[in-house]
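Per TrEMBL, ATP binding site is recorded for Q10, P11, S12, G18, N19, G146, D147, D148, V185, K194, M195, S196, K197, S198. Residues annotated as L-tryptophan binding site in TrEMBL: D134. What TrEMBL lists as motif ''KMSKS' region' is 194-198.
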Amino acid sequence: MGKSAFSGIQPSGDMHIGNYLGAIRNWVVDYNTDESIYCIVDLHAITVPQDPELLRNRIRSLTKIYISCGLDINKVAIFVQSHIKEHAELGWIFQCLTPLGWASRMTQYKEKSADKKEQSSVGLLAYPMLMAADILLYQVDGVPVGDDQKQHVELTRDIAQKFNREYGEAFKVPEPWIRDSGARVMALDEPTKKMSKSGGPNNAIMLLDSPAVIKSKIMKATTDSGREIKFNPEQAGLYNLLTIYELFAPGNPTRPEIEEQFAGQGYGGLKKATVEVVVEGLRPIQEKYAELSKDEGYVEQILKDGADKIRPIAAKTLSEVKQRMGIG
Ligand code: TYM
């Protein structure tokens, strides 16, 4: 009945409320213990071209976001993937173990390489095997992520089971931990697609957006022309706004309570109230972020301590894997 968690985010753009509601908030609420490990997956970010200076800054910025959102640095380990070389090494071993058919079925790979198969990097195809290495190195119980990462966690399980079958039990097989609400926050301007780091200017609310920007994005959010305020998944835009309201509203109101609260108010009332709860919900995160930005040395120290704490676990797993495979 352990509860050790591993999860990570790519430092490939500004963080949005989808990353927060689908992942980070659940880490903070449910898995903020000294058994949990949170990674900044810079090696995954370079599967597509990155500007070096921007990438370096984003790694530090994401570290500050993790802490500002409430991860307890006295308990969890926060580290940068490339600081622990075992990730790349086990990733390679998994590339050799994984059938090409499994890798090429991954939805994220198909989407990201869709119209540019010949130009996209080999790393983009190998991406999920590196993710499996991230997770399996630390022998954790589960992986708290948003819904879009479920397929990758399932592949991770398949890879662990294949290795255990062929070479003997070296890996714990982890569970995907995905919450019902917030696991798939949709784009404000196109609510049939998920909110993403790389969408247009009104796609996502960023965690560091000012109140004025949050207001403008929510007021412009796409909804249909109905009037009744109900949690109906068929009405994608309305459903998305209601879900965002639900997750940010203080006091954890139930869905029937929310529907009752907005009865007869029209979409304008819901949008205004959503602006309010999102601005208030992000305020403490933004304040903490500003405070952390005054001392960049502190952030470097946290990343160093995080890597130092968990490196022995990674080294032990990799050494067992190599021994079982007859390499080294
Ligand atoms: P990434 O960087 O795309 O996203 C980070 C986390 O945010 C969640 N997420 C969302 N949740 C709800 N609604 C959305 N619109 C939304 N968009 C993103 C993602 O599900 C994820 O939990 N492959 C991973 C990074 C990774 C990783 C790992 C995760 C690498 N190694 C090991 C867990 C464990 C990724 O690209 O996430």
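A Cβ is built for glycine as well, from the same backbone N, Cα and C atoms used for every other residue.
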Number of helical, extended and coil residues in the motif ''KMSKS' region' (194-198), per DSSP: 0 helix, 1 strand, 4 coil
Rounded Cα-Cα span from the residue listed as 'L-tryptophan binding site' to D147 (ATP binding site), Å: 18
Alpha-carbon distance [N19 (ATP binding site); D134 (L-tryptophan binding site)] in Å: 19
Mean of the pLDDT scores, which run from 0 to 100, over the motif ''KMSKS' region' (194-198): 92
Local backbone state of D147 (ATP binding site), from DSSP in three classes: helix
Entries of S12, M195, K197 (binding-site residues) sitting next to ligand 1, with Cβ under 6 Å as the cut-off: M195
Neighbouring C-beta atoms (10 Å sphere around the C-beta of N19 (ATP binding site)): 25
Q10 (ATP binding site): tally of other CB atoms within 10 A of its CB: 22
Chain-internal residues near S12 (ATP binding site), provided their CB is under 8 angstroms and they sit 6+ positions away: H44, A45, V48, Q50, R58, K197
Secondary-structure category, per DSSP, in which N19 (ATP binding site) falls: helix
Cβ neighbour count within 10 Å of D134 (L-tryptophan binding site): 25
Longest CA-CA distance among Q10, P11, S12, G18, N19, G146, D147, D148, V185, K194, M195, S196, K197, S198, per record bound to ATP, angstrom: 19
For V185 (ATP binding site), the number of other Cβ atoms found within 10 Å of its own Cβ: 26
